[in-house]
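Asks: Below is the structure I would like to discuss, written out as structure tokens.
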Amino acid sequence: MSEQSKCPVTGRTAGHPVAGGGMSNRDWWPNQLPLDMLHQHSSLVNPMGEAFRYKEEFKKLDLGAVKKDLYALMTDSQEWWPADYGHYGGLFIRMAWHSAGTYRTSDGRGGGGTGNQRFAPLNSWPDNANLDKARRLLWPIKQKYGKMLSWADLMILAGNCALESMGFRTFGFGGGRVDIWEPEEDIYWGKEVEWLGSNRYSGERDLENPLAAVQMGLIYVNPEGPDGNPDPVAAGRDIRETFARMAMNDEETVALVAGGHTFGKCHGVGDPNLIGPEPEAAPIEEQGLGWKSGYGSGKGDETMTSGLEGAWTPDPIHWDMGYLGMLFKYEWELTKSPAGAWQWKPKDVAEEDLAPAAHDPSKRVPTMMTTADLAMRMDPIYGPISRRYYEHPDQFADAFARAWFKLTHRDMGPKSRYLGAEVPAEDLIWQDPVPAVDHELITEGEIAELKMRILASGLPIPELVSTAWASASTFRGSDKRGGANGARIRLAPQKEWEVNQPEQLQRVLHELEKIRDTFNGEQSGGKRVSLADLIVLGGCAAVEEAARRAGHDVTVPFAPGRTDASQAETDVESFAALEPLADGFRNYAKRKYSVTPEEMLIDRSQLLTLTAPEMTVLVGGLRVLGINFRQSPHGVFTRHPETLTNDFFVNLLDMGTEWKPVSHEHDTFEGRDRKTGEPSWSATRVDLIFGSNARLRAIAEVYGSDDAQEKFVHDFVAAWDKVMNLDRFDLS
């Protein structure tokens with residue numbers, strides 16, 4: 001075999017000679033742009049069909065009947081995987097927690113909103129060991145209710161029912177999570193190449209963004225302590241960083257840990273080397289189950305999971321104050337589990353504080369705490385909070401109920417998306433509430449009149465388009481946050497973001513507010529227009545005018561109905577996570593990053609739920625409309641600015657231009673006429689990628705063709721309309 005026929009990175013040669021086998025393009029060229037993540041979860045992989053609407057099916061569901069079935073399941077112990085203490089509650093709480101607990105605030109990805117625990121890599125993470133059994137236990141219920149109940153909803157609901165069946169009163173439940181049917185390829189879980197690797201820190205323990213978990217394959221932190229070092233104070237620092245990146249403050253963190261660990265037990269009774277492969281690596285006859293243990297029967301009291309062993313409380317299947325009671329009642333001594341994991345045992349434990357053996361109630365065994373648990377007492381911030389909860393059980397119960405609800409619903413977006421009879425009435429700040437529409441909406445005639453007023457105001461096309469884009473493009477399809485509804489672009493922190501060019505933004509908002517106030521003052525009835533609507537309408541009017549200048553009479557769709565949120569309804573710290581580090585659509589980067597600008601464009605496009613053609617046509621259109629950050633000339637490949645032409649593509653593809661880098665980092669470029677040597681254009685990597693990448697060039701060639709101008713305008717308007725309405729869940 002010649003060296004040329006081997007992969008230059010892995011050294012591998014072609015594998016099985018079947019369709020889809022052999023070396024992939026990414027094996028040969030590992031730095032390929034990940035465009036495939038823009039085309040995930042299409043109708044081609046979804047067996048439900050394009051007409052399926054889960055929201056309508058869920059409305060048919062008898063939620064009470066489902067919960068009754070789940071309550072019955074909790075104590076219906078199965079021989080193939082018997083329930084600890086005769087109750088599956090602890091297992092289902094862990095399943096729901098680990099489904100929701102992958103969420104991180106930085107990019108909104110992860111979480112329990114898609115049922116992704118069914119697929120790799122999550123279904124095979126070490127921290128999810130034996131949760132495959134929990135999902136198999138749920139299958140008869142999923143089978144019974146079919147398309148009316150998604151796996152994503154069922155897993156979270158099972159966690160709620162587990163808590164309720166053990167005496168805890170939950171805060172509520174909102175359905176509406178839609179299942180995916182293939183693994184998510186857009187989520188960066190880390191660069192480690194082995195399970196439990198921790199090559200994600202720099203400096204004195206600076207965790208890489210956007211990650212939240214401390215090691216590959218863990219949901220949160222290492223329960224034995226940082227990198228297995230049993231130091232509770234150091235563990236507290238890891239816990240604080242990780243939970244903060246998952247949207248939890250200190251009080252919520254303590255409530256979740258103490259509340260969740262009131263139930264169930266850990267499993268580490270034998271040799272961890274006897275545990276078989278995870279589901280994705282297990283043999284076909286295991287039928288998707290993994291971690292088959294060769295220690296004894298491999299189940300019941302001989303179960304192996306985390307390597308830790310024991311319950312936290314003397315009564316692991318009832319809600320009580322046992323966790324905090326044990327935490328403060330005893331001093332704790334470092335020991336090792338039978339599997340060799342670091343854990344802590346209570347000194348001189350009283351008989352009444354022993355727990356029953358999980359599968360033999362006649363036996364009593366000691367409880368345990370992990371290093372992470374002891375951080376709830378020994379950390380200087382967590383300790384006083386834990387003590388207060390211990391002394392005030394009602395506060396603790398309320399805090400846990402609210403934190404659990406937040407954990408399991410944080411990635412669902414606004415409350416308007418929640419379904420079912422158990423949705424709490426209370427609005428919560430982390431839900432990014434916007435006021436309900438309490439006025440008559442503007443008519444088509446009034447929309448046309450307002451467009452004329454906006455264009456007559458003297459506000460230039462680039463500023464109107466830029467403001468509308470800045471408002472709407474904060475949306476993240478990952479956790480359904482952001483968007484134009486609420487007009488939060490006028491509030492902190494968005495009004496101060498560099499990318500939004502605050503001085504220009506305030507000038508535009510001031511003019512739009514005057515138009516709004518004048519219009520609303522002219523109305524004799526209850527009709528009004530919100531600033532949120534007017535911001536989007538201004539962008540639409542500007543796009544129409546730019547198209548008219550190019551010779552195209554188009555109407556950009558507009559649907560009124562947005563309202564204006566207040567600063568009190570806006571969590572400044574939470575919204576800070578939505579600030580763009582880079583926005584290739586505006587040719588903006590806050591600073592230089594370890595990833596390329598074109599990769600960040602793909603990332604942002606994926607969050608905006610854009611396809612590669614939509615991304616391409618938007619970049620080309622926005623360049624000629626002139627919305628670049630600080631009016632940069634990069635990528636403005638036109639002699640007719642503020643006119644909606646396909647000039648970006650025509651000039652990018654012109655072989656009469658030769659491009660050369662003008663920066664050492666190869667991030668800015670100059671295009672010169674091949675014959676005269678005269679400079680023609682300047683560009684960034686985000687601009688040139690549409691001529692460099694073969695797949696993007698193929699799309700660019702469509703829009704750069706002589707007959708493409710009308711198609712370009714049509715497609716740009718459609719993609720623009722999509723972005724403007726991404727958060728209009730009332731329209732979908």
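Cβ atoms here come from the backbone N, Cα and C positions, even for glycine.
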Asks: Match it up for me: which of 1-23, 300-322, 461-483, 668-690 does Swiss-Prot list as region 'Disordered'?
Replies: 1-23
Asks: Please list residues from the chain of H98 (active site, proton acceptor) whose Cβ is under 8 angstroms from its Cβ, counting only those at least six apart in sequence.
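Replies: The answer is Q117, D127, N128, L131, I219.
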Asks: 10 Å Cβ neighbour count around H261 (heme b binding site)?
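Replies: Its Cβ shell of radius 10 Å holds 26 other Cβ atoms.
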Asks: Measuring Cα to Cα, how many Å separate H261 (heme b binding site) from R94 (site 'Transition state stabilizer')?
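Replies: Here the two Cα atoms lie 9 Å apart.
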